[in-house]
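Colleague: Handing you this structure, nothing more for now.
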Amino acid sequence: MAKAKFERTKPHVNIGTIGHIDHGKTTLTAAITKVLHDKYPDLNAASAFDQIDKAPEERQRGITISIAHVEYQTEARHYAHVDCPGHADYIKNMITGAAQMDGAILVVAATDGPMPQTKEHVLLARQVGVPYIVVALNKADMVDDEEILELVELEVRELLSEYDFPGDDLPVVQVSALKALEGDKEWGDKLLGLMDAVDEAIPTPPRDTDKPFLMPVEDVFTITGRGTVVTGRIERGVLKVNETVDIIGIKTEKTTTTVTGIEMFRKLLDEGQAGENVGLLLRGIKREDVERGQVIIKPGSVTPHTEFEAAAYILSKDEGGRHTPFFNNYRPQFYFRTTDVTGVVTLPEGTEMVMPGDNTDMTVALIQPVAMEEGLKFAIREGGRTVGAGQVTKITK
């Protein structure tokens, strides 16, 4: 019995199952926890199917989503795995980024091949920047004809290539989640083979501390005799005392300054790291030079923009969203990080209006610049009430 000990140092990766309804996403999720529990009992608890299927509801940016979270370990890595019971939950999760994915397992039933939701999930994965996909060709025990399996695999590869994933090169593994869950050894081994493919083909993402420094400004105040302090939670990177930073967004000009002090809980620090709530003392900056909604960054690492394309989910009436559709030139507020900026929405050609509960692509022109990169999340608000959520898919100006 192979023993793998729990190492806090194991690389951590966030993944999820995506694919058409009833192709076996939840069964596969349960089966993965079972075979890994059987192989490394010290490391893994098995999660039953009905535990995952009755996913608790979460609220993200005012949107209610059912998401099941399970965790497990292979010999190489520690995984957090998300599975959503309903198709609408998937769309909401992927667009709002409630649970970020470093990679996805695309589940396709060998008995059906790619179906409409398979396409929709692959398109969304491309739009919202899920960087890597591994394919689980599920229910392979129900197809006797090797040629049919090969045809389905080819179809899936073509679909992935169509959406700019490396369809010819990524792993496609034949599995039977149900048989593995029932304890069949042969199919259990094939599922371990799938996890080997996930270990190999989905790279460990860079840690937040390795990325360029960025902190959204939450508050600004003056300390007599010391200068201006801005507070916020460091989103990524590391900042050391006496480093130079840029303050960008909201205003037309960027400001460059030096950080002369970093404080946390009234203690002075040499450096601040991703995830920490800190106050930064800025040299030569007046209180009115900085405002909530701007970001403090490693110089040159991010730029402010006013126009972008986005994928958005619009809340239904039941979720507390709008009761009526909106049309071209809709002007809500877009809430980025810590502040609202008004923007004008242009709908895609051929889209007359967007109903509450829909997901849509849109182009947005903001009235003030916002520091942004592709993948940045936002809420759509009307007078402080959330009516939608989305993320930037392409910056145009």
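Cβ from N, Cα, C; glycine included.
Okay, so Swiss-Prot annotates it like this:
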type	residues	note
DOMAIN	10-206	domain 'tr-type G'
REGION	19-26	region 'G1'
BINDING	19-26, 83-87, 138-141	GTP binding site
BINDING	Thr26	Mg(2+) binding site
REGION	62-66	region 'G2'
REGION	83-86	region 'G3'
REGION	138-141	region 'G4'
Colleague: Which has the fewest other CB atoms in a 10 Å radius around its CB: Cys84, Ala140, the listed binding-site residues?
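Modeller: Least crowded of the binding-site residues Cys84, Ala140, by Cβ count within 10 Å, is Ala140.
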Colleague: Using DSSP reduced to three states, classify the residue listed as 'Mg(2+) binding site' as helix, strand or coil.
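Modeller: In three-state terms, the residue listed as 'Mg(2+) binding site' counts as helix.
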Colleague: Quick one: of Lys25, His87, which of the binding-site residues has the smallest count of other CB atoms within 10 A?
Modeller: His87
Colleague: In Å, rounded, how far does the Cα of Cys84 (GTP binding site) sit from the Cα of Thr26 (Mg(2+) binding site)?
Modeller: 8
Colleague: Can you name the residues of this chain that are 6 or more positions from Thr26 (Mg(2+) binding site) yet have a C-beta less than 8 Å from its C-beta?
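Modeller: The answer is Thr17, Phe49, Ile52, Asp53, Ala68, Asp83, Pro85.
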Colleague: Output the one of Gly19, Asp22 that, of all these binding-site residues, has the highest number of other Cβ atoms within 10 Å of its Cβ.
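Modeller: Most Cβ neighbours within 10 Å: Gly19.
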Colleague: I'd like to know the mean pLDDT over the region 'G3' (83-86).
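Modeller: Here the mean pLDDT over the region 'G3' (83-86) amounts to 79.
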Colleague: In which DSSP state, out of helix, strand and coil, do we find Gly19 (GTP binding site)?
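Modeller: Looking at the DSSP assignment, Gly19 (GTP binding site) belongs to a strand.
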Colleague: Mind checking how the region 'G3' (83-86) divides into helix, strand and coil residues in DSSP?
Modeller: 0 helix, 1 strand, 3 coil
